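Novice: There's a structure below that I have some questions on.
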């Protein structure tokens, strides 16, 4: 419930900035009769505006082959698209909140899994991989996003592009691995889960990060700092150059948007849908006697499955706006090119990247960037409210930073096989080694 409230509050703040942006845009874009009047040359933020620039360039190249009777392309924008100060302030404040919550939440989550032996298992290792990728993104990309609103450089945009796409790959592959792991756990219900990191899971985690690096090679090679001339000003932009030398890079340039949407967004959702459907069928096929005997055991696995499903839903909600905006820009450029080639002067979509509509595309793009950044800090918050075990660990870990925990020994039997650790009002069961150690000191 609290996760939903946080998500709604985040969207409300973004919508306030968007509404103010549109209001200011309508006031600052009157009917201009003299295009040569002096324009405001405020620097514009240029992160993830690559497809717009690239498609405009491709459009100008394609119109050169049209017959003389074809209509000329639409006139260029009278001013550079820019983000108003209200939207800058809102996004900067929200980026600072993401930075603080993400640093505390993800570092605490990694500490919990590292310190507690009972938390070192297969699914938690994959969750730790998600937290490590989010922490890596927060430390590098979030400061670049905040600073680039006020001072943008091409080199920082290049770093942001690589970190952003690499983190998206790690996240999507880890979610796929989590869905497969949950199905295997339910399908092999008679397998007792051991404490510790299995060798197979360590190899799987290494492959996830290695595959993410390999898939990142096209972007690392293709993305380059390109100098663009706009009304006498030289702009340094990180983008895919319009002229590629190899056939593979030209093909990648055409399918890039659909590749990112299919691999980074649809693949985790498809894996979750398929394996969770199989998992539901497997749980329904268990006999009643087996279900009663393994009631507690299956409850734990259902709780982990619910946690993974919650992470996938949050991933879908946070990344959908960014992919929708990228696809919209791509489709609008395609329709615009088709309208010009078919000699339709009054095509509505032909004006979609000029004037006020281009401002709307920028707002959509920045909303998608902020929502994708929100995904890097909301994972630990979701785990706190969904998983009872993670909630107890978060409370004990965060409280022990403020107060020294007190250890009270309560022997459960004469063998000393039980014990409790009371820290700040929370009772947590000790493992066997801690119980034997505490029983030794209590007997002495």
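We count from 1, first residue shown onward.
Glycine residues also receive a Cβ, built from the backbone N, Cα and C atoms like all the rest.
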Novice: Answer with yes or no whether Swiss-Prot records residue 188 and residue 280 within the same membrane-side topological domain.
Specialist: yes
Novice: Given the ranges 230-254, 255-279, 280-304, which one is assigned the annotation transmembrane segment in Swiss-Prot?
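Specialist: Feature transmembrane segment in Swiss-Prot: residues 255-279.
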Novice: From 60, 68, pick the one Swiss-Prot annotates as N-linked glycosylation site?
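Specialist: Cross-referencing 60, 68 with Swiss-Prot, N-linked glycosylation site lands on 60.
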Novice: In Swiss-Prot, one of 387-415, 416-444 is tagged region 'Disordered'. Which stretch would that be?
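Specialist: Feature region 'Disordered' in Swiss-Prot: residues 416-444.
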Novice: If you check Swiss-Prot, which stretch out of 35-55, 308-328 is marked transmembrane segment?
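Specialist: It is 308-328 that Swiss-Prot describes as transmembrane segment.
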Novice: Choose the correct range: of 345-365, 366-386, which one does Swiss-Prot annotate as transmembrane segment? Give that range.
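Specialist: That would be 366-386, the stretch labelled transmembrane segment in Swiss-Prot.
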Novice: Pick from 162-180, 181-199: which stretch is listed in Swiss-Prot under transmembrane segment?
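Specialist: Going through 162-180, 181-199 one by one, Swiss-Prot flags 162-180 as transmembrane segment.
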Novice: Would you mind giving the whole-number mean pLDDT across the topological domain 'Extracellular' (227-254)?
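Specialist: Taking every residue in the topological domain 'Extracellular' (227-254) and averaging pLDDT yields 75.
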Novice: Under 8 angstroms, Cβ to Cβ: which one of 125-145, 202-226, 255-279 has the largest number of such pairs with the transmembrane segment (366-386)?
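Specialist: The stretch with the most contacts is 125-145.
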